[in-house]
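Record features, source TrEMBL:
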type	residues	note
TRANSMEM	12-32	transmembrane segment
DOMAIN	39-141	domain 'EXPERA'
TRANSMEM	44-66	transmembrane segment
TRANSMEM	98-121	transmembrane segment
């Protein structure tokens, strides 16, 4: 038995998918944030990546779990969850706790990310990062 950990060949696809989602999320966030400050552009990049993860990774997990189980699926996205299943078998079968928490993260987390993206792009008052406070002038003596 060797020390350390090994990256299996099946992990390559999910890693490339996650890297692609990161690149697309950052590119989309930076494009949406043109003309905004660095903090807003950074927040948009993170929120776009976050929304993509919720909808493109966790959403299919919920669907595959509700219509069957991950172990029987040949879908590309199922390979990601099979890797998770190597550490915790609850990810491979319909575990009510895992699936209910994933439903919450897809619905609440995904749509909250979209609301925050909209708020930052349209500069709404409820946006994630607030504009700088106005400077007060020093009283004249």
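Using the three backbone atoms N, Cα and C, a Cβ is placed for every residue, glycine included.
Remember, TrEMBL labels are computer predictions, not curated facts.
Long-range contacts of the transmembrane segment (12-32) within its own chain (CB-CB distance under 8 A, at least 6 residues past either end) are made by residues 41-53, 56-57, 76-77, 79-80, 83, 117, 120-121. Per-residue pLDDT, averaged along the domain 'EXPERA' (39-141), amounts to 86 for this model.
Long-range neighbours of the transmembrane segment (98-121) within the same chain, counting only residues 6 or more positions beyond its ends whose Cβ lies under 8 Å from a Cβ of the stretch, are 29, 32-33, 36, 40, 43-44, 47-48, 50-51, 54-55, 58-59, 61-62, 65-66, 90-91, 127-129. DSSP labels the residues of the domain 'EXPERA' (39-141) in these numbers: 73 helix, 0 strand, 30 coil.
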